[in-house]
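Down below is the structure, laid out as structure tokens.
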Amino acid sequence: MPIFHKLEDPTLERHFKGHKDVVSCADFSPNNKQLATGSCDKNLMIWNLTPKARAFRFVGHTDIITGVHFSPSGSLVASSSRDQTVRLWTPSIKGESTVFKAHTASVRSVQFSSDGQRLVTASDDKSVKVWGVERKKFLYSLSRHTNWVRCARFSPDGRLVASCGDDRTVRLWDTSSRQCINIFTDYGGSATFVDFNSSGTCIASSGADNTLKIWDIRTNKLIQHYRVHSAGVNCFSFHPSGNYLISGSSDSTMKILDLLEGRLIYTLHGHKGPVLAVAFSRDGGLFASGGADSQVLMWKTNFDSLNYRDLLSRHSRRVTPDPLPHLMDIYPRSPHRHNAQNGTVEINPIVADTQSGDPQVVEVGRVLFSTADVRSHDRATNGRDQPISGPGRTHTRHREEEDEDQEERFAGGMTASREERSGIQSSLTSTLENIVQQLDILTQTVAVLEERLTLTEDKLRTCLDNQVLLLQQTHQVDGSDEEAEGSSV
């Protein structure tokens with residue numbers, strides 16, 4: 001029987017207002033200090049998560065933004081758009097960006113590889129494309145989908161790409177051979193989103209048929225199948241531990257699944273209309289959601305704070321000959337479906353924001369000045385023949401000082417790292433986390449070795465069978481030669 005540990009419920013932390021249309025995508029910065037969101041208002045927003053900090057609106061795309069992703073270093077932000085381009089932004093007050101003329105139709109998603117050297121994009125032109133970041137050039141296409149490609153993601157080691165689309169398939173690609181090496185089907189509608197878990201052993205995919213499916217790519221088996229939403233699933237995000245998954249749906253809810261125990265644990269309300277974006281932070285302590293109501297909500301996870309002694313005990317039992325169910329090592333004889341169960345917690349937050357009011361928004365990119373600033377700037381330009389101490393010069397100096405101040409504030413938000421927890425309890429938690437991670441790696445290594453040993457045994461058996469056949473053929477040839485010599489004598 002699975003062990004149900006006591007969970008602390010997630011709570012709504014912040015409520016960001018600044019987008020003027022549907023929020024379509026979201027991603028946290030690697031240092032967990034910023035959140036990037038894209039919208040149908042054609043703007044990219046970067047929110048600083050410290051209270052009362054300014055937000056930045058990046059202007060440049062000419063159509064709906066469909067995807068956003070921070071580079072592993074946090075020094076770049078990539079965005080994809082229905083304007084058929086991908087932009088690489090340097091997140092600074094200057095709002096500079098490099099444009100990739102990426103596809104011949106809408107670009108649906110964009111993601112950096114884990115080393116930050118490549119980008120993968122998916123498009124309505126039925127292709128997946130890979131790009132070099134440093135030289136800002138196209139590398140190659142992956143073209144086997146027969147309809148729009150909704151999403152493409154790198155595996156954690158960068159050796160594989162998973163993609164899904166309106167042809168109702170999920171495809172797995174080898175980035176070295178650039179070939180499609182596997183196809184997962186069995187969808188009643190479009191496959192809307194795909195991603196790898198943190199260890200790279202499984203992929204999850206969501207569908208317009210209200211389902212979430214998890215496949216083990218080592219055995220090519222469907223290991224978990226959830227139907228917990230009442231409408232199409234638009235997006236999901238794995239918790240960094242690989243133990244939880246959050247999904248967003250057109251039924252206006254988010255669902256949190258415990259993948260170890262294969263059950264729905266939370267239903268979150270907060271958006272009015274479809275939820276189109278969900279994302280866990282890199283450390284798993286926060287998650288964000290965005291939707292058709294133009295809202296961006298940021299939540300504190302809470303439920304991932306486990307009793308590590310209990311977790312280690314469960315893990316030790318899991319690696320015994322009779323293990324408990326676990327995402328990494330359960331292989332049901334047939335696909336099994338997880339439906340919504342009684343006892344799940346419904347969370348409907350009343351307070352929209354518990355920390356701060358709407359942040360001040362600074363617009364950067366294509367438009368750098370407000371109308372008032374432009375008029376002031378024109379007056380200063382018309383009076384440029386005046387002495388340096390004149391009002392035009394004073395305005396310029398104030399503007400430069402303001403820009404420098406904004407740059408410092410922005411840079412502070414980018415570079416400031418999260419304060420480390422101190423004390424014996426924090427140190428012990430970190431040590432136990434490392435032990436659990438090492439045990440997981442060891443378990444996966446053993447599984448890989450077992451698989452390789454099985455392949456080696458099969459090859460040896462085939463070699464032995466071939467050797468026996470060769471010996472039999474040799475004996476037959478020798479016998480026929482002796483008969484021929486006897487008849488000639």
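Cβ atoms are placed via backbone N, Cα and C, with glycine included.
Automatic prediction, not curation, is the source of TrEMBL annotations.
The coiled coil annotation in TrEMBL covers 432-459. Per TrEMBL, the feature region 'Disordered' maps to 373-425. The repeat 'WD' annotation in TrEMBL covers 16-49, 58-89, 100-141, 142-183, 184-225, 226-267, 268-300.
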Which stretch, 16-49, 100-141, 142-183, 184-225, 268-300, tops the Cβ pairs under 8 Å count with the repeat 'WD' (58-89)?
100-141
Contact set, same chain, for the repeat 'WD' (268-300): CB under 8 Å, 6 or more residues outside the stretch
10-32, 35, 37, 39, 45, 47, 49, 231, 234-241, 246-256, 346-349, 418
Model confidence over the repeat 'WD' (184-225), averaged pLDDT:
93
